[in-house]
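Written out below as structure tokens is the structure these notes cover.
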Amino acid sequence: MEDLALRPKTLDEYIGQERLKQKLRVYLEAAKARKEPLEHLLLFGPPGLGKTTLAHVIAHELGVNLRVTSGPAIEKPGDLAAILANSLEEGDILFIDEIHRLSRQAEEHLYPAMEDFVMDIVIGQGPAARTIRLELPRFTLIGATTRPGLITAPLLSRFGIVEHLEYYTPEELAQGVMRDARLLGVRITEEAALEIGRRSRGTMRVAKRLFRRVRDFAQVAGEEVITRERALEALAALGLDELGLEKRDREILEVLILRFGGGPVGLATLATALSEDPGTLEEVHEPYLIRQGLLKRTPRGRVATELAYRHLGYPPPVGPLLEP
């Protein structure tokens, strides 16, 4: 319930994503002026950047209802029909998270719903089967995905607006922490909020989670104000360093450097050495390490960068590191 109370309701309250918000203000004002539903919108980007929150904000700005579901929850056309025909009114928004995981059958039934606001359902089987056409209210579909490459071309082409959410700066994340603190009645210095922001991997969800944990440490210590020093102590206790690396992130780099001489080493081999699932390594840990300039993917395998050596306190290898 705390998260719901902290969720922004308007674009002005929504922190970050300034370029996207500027465009959304135009789209929303135009739709309201024409008294039409907003065009179907696809939001894509890494997890934790606020796609679901933005859908709630858009619904609030338009003064319409929001129905939230996910791709895996819509297994068959009947599930989709039940939502579209029974849960939505004129102008309402249907938000489908992980829309890339829609079944092919459900996705194909979504096409006419998006284009013409109708849906054909087959009743019965064999010679007795008949088709019933459902007239649907004019609605807006907001799809969200972390894997835009898995969105099929026919589905992608039916979105009138396609937008990418970017990682947040430490300063924007600090603003988010300060906002949550203010709403919760927690006193925190700007310096402490910035230290949390610097370790939040560019992700608002992580910043909010770290703020709650730092608040726990401060509360147990009996401190009325979260200072920079208290925040640093709490973040260190959580195993986070100044780049926001967790223990597992550092283990990946250390194994790469100490056991494989900095690489290159194949993903499967590295995963085996770490007793880790290759998919988890590739999708959860590597993106941030690459974005921080600590790891490179090359045709021959993973390579630790000079920055990785220096960050962990190891002397970098003599000569240039292997390049792709």
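Backbone N, Cα and C define each Cβ position, glycine as well.
Per Swiss-Prot, the ATP site holds TYR14, ILE15, GLY48, LYS51, THR52, THR53, THR146, TYR168, ARG205; the candidate it also names there, chosen from ASP92, ASP97, ASP249, is ASP97. DSSP classifies ASP97 (ATP binding site) as strand under the three-state reduction. For GLY48 (ATP binding site) paired with ARG297 (DNA binding site), the C-alpha to C-alpha distance reads 24 Å.
Considering only the binding-site residues TYR14, THR52, TYR168, ARG302 (DNA binding site) has TYR168 as its nearest partner by CA-CA distance.
Taking every pair among TYR14, ILE15, GLY48, LYS51, THR52, THR53, ASP97, THR146, TYR168, ARG205, the residues recorded as binding ATP, the greatest CA to CA distance is 21 Å. Each of the binding-site residues ARG297, ARG302 was scored by the number of other CB atoms within 10 A of its CB, and the lowest score belongs to ARG297. Cα-Cα distance from ASP97 (ATP binding site) to ARG297 (DNA binding site): 29 Å (rounded to the nearest whole number). Taking the Cβ of TYR168 (ATP binding site) as reference, residues of its chain lying under 8 Å away and at least six apart in sequence are, in sequence order, ILE15, GLY16, LEU49, GLY176, GLY197, SER200, GLY202, THR203, MET204, ALA207.
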